[in-house]
Amino acid sequence: MASLIYRQLLANSYAVDLSDEIQSVGSEKNQRVTVNPGPFAQTGYAPVNWGPGEVNDSTVVQPVLDGPYQPASFDLPVGNWMLLAPTGPGVVVEGTDNSGRWLSVILIEPGVTSETRTYTMFGSSKQVLVSNASDTKWKFVEMMKTAVDGDYAEWGTLLSDTKLYGMMKYGERLFIYEGETPNATTKGYIVTNYASVEVRPYSDFYIISRSQESACTEYINNGLPPIQNTRNVVPVAISSRSIEPRRVQANEDIVVSKTSLWKEMQYNRDIIIRFRFDNSIIKSGGLAYKWAEISFKAANYQYNYMKDGEEVTAHTTCSVNGVNDFSFNGGSLPTDFAISRYEVIKENSYVYVDYWDDSQTFRNMVYVRSLAANLNDVMCSGGDYSFALPAGQWPVMKGGAATLHTAGVTLSTQFTDYVSLNSLRFRFRLAVEEPSFTITRTRVSKLYGLPAANPNGGREYYEVAGRFSLISLVPSNDDYQAPIMNSVTVRQDLERRLNELREEFNNLSQEIAVSQLIDLAMLPLDMFSMFSGIEGTVNAPQSMATNVMRKFKSSKLASSVSMLTDSLSDAASSIARSTSIRSIGSAASAWANISEQTQDAVNEVATISSQVSQISGKLRLKEITTPTEGMNFDDISAAVLKAKIDRSIQVDPNALPDVITEASEKFIRNRAYRVIDGDESFEAGTGGRFFANKVETLEEMPFNIEKFADLVTHSPVISAIIDFKTLKNLNDNYGITREQAFNLLRSNPKVLRGFIDPNNPIIKNRIEQLIMQCRL
């Protein structure tokens with residue numbers, strides 16, 4: 001009935017030969033938009049528009065107009081214009097070096113005939129004869145004396161319709177504006193001790209740097225910009241310029257909010273990212289004159305650097321997306337040089353760099369918001385690659401360059417089925433640069449981009465410096481670590497009783513190798529995987545930290561695992577496929593006697609029927625039950641297991657119900673099955689949920705339950721490991737081919753195992769940390 005199904009499952013493999021067409025999907029495309037994120041740097045999140053978290057910037061932006069400030073006596077900084085904006089007639093400003101110059105500037109309104117007025121200048125009253133013949137412009141008059149008890153004399157005037165006046169100390173002179181607007185110009189007076197000249201303004205004023213003198217002259221002649229003439233601009237005390245600036249730390253932790261159990265921490269960090277490209281160069285068979293492929297592949301790089309006085313170990317994975325395929329064919333003869341395909345990244349490409357280090361920031365980076373980053377640009381230039389021909393001069397691919405500009409940052413996950421590490425994925429867009437790349441002794445020349453032949457150009461790595469900021473939700477007690485959002489195995493382990501976990505991990509931590517932990521995590525998520533998986537761990541000093549494994553080891557089942565696995569496979573082959581899923585009119589309970597529900601199937605094979613009768617009343621198993629619209633789907637695995645258990649006579653029947661019950665309820669409670677028909681995929685989960693999607697576009701489609709039932713009867717059934725939501729996230733973030741989608745849909749074991757690199761120090765260290773957390 002379901003031989004192909006269970007031969008695949010019991011062999012600890014999910015690969016199913018769907019058709020030759022599926023195997024060749026994607027091979028005819030000339031241009032790929034895909035990404036190979038490497039063996040342990042997969043993204044578990046879709047692209048997200050994160051909030052604008054605070055990022056400190058060291059760039060100094062000097063405004064043209066600094067102010068307005070309230071009138072107050074102060075030491076005017078050398079090389080800065082003081083732009084005064086009086087509102088009425090009278091003394092505008094006073095300045096003196098207390099030795100040879102006493103300057104007082106008075107303002108006279110338009111249309112004043114010659115008259116004597118009294119002004120208070122430097123604390124004493126003086127009578128001054130003033131006049132202003134202009135009917136429209138205001139008149140600034142500079143009154144100067146050279147001795148303390150001397151008389152004031154008029155030194156210069158400024159006729160202004162903007163009512164603005166300027167003064168600056170620079171180059172042993174005191175500069176002011178004279179003439180008539182809109183053609184007023186500067187004039188300097190030699191001052192003996194100009195640096196110590198103290199200025200006392202009597203109106204609001206602004207400070208303008210000498211480098212912006214042209215703007216100051218523009219304001220004197222034509223007036224302030226409109227925004228300075230609104231009621232919303234309020235002058236402040238000049239003492240505010242003397243406030244000691246707080247030096248911001250490059251790396252700082254800020255408590256945003258805090259409760260008894262949790263707190264929000266903002267981490268501002270500087271960062272040094274080092275990465276390198278990797279490539280794959282494959283030669284074609286024959287006379288060694290032809291190359292099949294030159295392509296990019298994910299590259300890992302580990303390094304140490306000092307961050308805020310602490311040495312951190314960082315790990316990066318560099319991958320590319322949106323590659324452009326080129327080719328060169330020098331002729332049809334076997335000795336003609338040719339490259340079937342070589343990849344180049346250009347403006348339409350992206351470079352992804354996944355970054356993780358062992359600092360405190362990444363230990364608690366689980367619940368994150370307000371993620372932002374500022375990074376420098378980096379130029380990547382290619383080197384030379386010589387195509388070693390058996391005879392003749394060698395063609396050389398040389399040149400090519402591209403600049404990487406930061407295009408955003410998201411969370412990514414470096415994970416296995418046992419642990420998941422949240423890391424940062426920095427996304428870079430490309431801009432092509434000089435020089436172009438060429439292949440000498442061929443027609444290929446003046447092409448732009450970075451080819452995959454030698455993308456590092458002889459360098460060990462490329463380096464990018466910058467800063468990032470994020471707000472993370474962490475436990476209030478710094479000794480605790482935030483629970484990690486892991487995949488199925490870890491999540492189910494955490495659901496068990498804490499005391500059992502501590503006891504098991506205390507016993508296992510020094511005796512179980514990391515590779516064995518990974519093997520357990522990689523077990524297929526179906527009931528039969530326990531039988532094939534226990535064979536590799538039954539001789540371990542301790543069980544694998546689960547009650548299920550302990551029960552298997554303590555029972556007689558461990559001694560006959562191999563035979564039982566073969567028996568189950570044979571039994572699955574013996575049952576006719578036509579009854580794999582049946583329409584049950586009455587809502588039959590999954591706890592009902594399985595021998596009654598599968599009697600039709602059992603009767604087809606007499607030997608199986610005789611074995612079923614021996615334990616038909618003892619084994620009651622809760623398996624997949626998916627009720628919908630009056631129809632129940634019972635997983636055929638229950639009948640297969642029941643039919644063949646009795647073939648292993650030495651197995652204690654009393655141990656099996658406990659083992660299978662706990663396995664089905666706890667160890668493998670999250671499960672789904674999938675059937676693929678052409679470009680359509682149907683999926684049924686244990687929770688009574690159904691999905692149907694298009695493989696090509698990953699779009700959801702209506703679920704045809706009749707077609708699903710027919711397909712399950714006549715098609716291979718695959719245990720679904722990667723759900724469609726994850727597939728869609730991968731496609732949105734990278735763009736995956738139809739062939740890659742099929743490999744993930746059918747749970748190809750090579751693809752799944754590609755997620756794990758046991759030699760990766762990040763994963764190894766994280767597993768050890770997880771074990772240490774569970775110790776007493």
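Quick reminder: no glycine exception, Cβ is built from N, Cα and C everywhere.
Checking the ranges 239-273, 484-518, 659-693, 729-763 against Swiss-Prot, the coiled coil annotation falls on 484-518.
In the structure shown, across all protein chains, Cys318 is the one of the disulfide-bonded residues Cys318, Cys380 with the greatest number of other Cβ atoms within 10 Å. Mapped onto DSSP classes, the region 'Hydrophobic' (389-409) shows 0 helix, 14 strand, 7 coil. Mean per-residue pLDDT, taken over the region 'Spike body and stalk (antigen domain)' (248-479), amounts to 87.
In this structure, Cys380 (disulfide bond) is part of a beta strand by DSSP.
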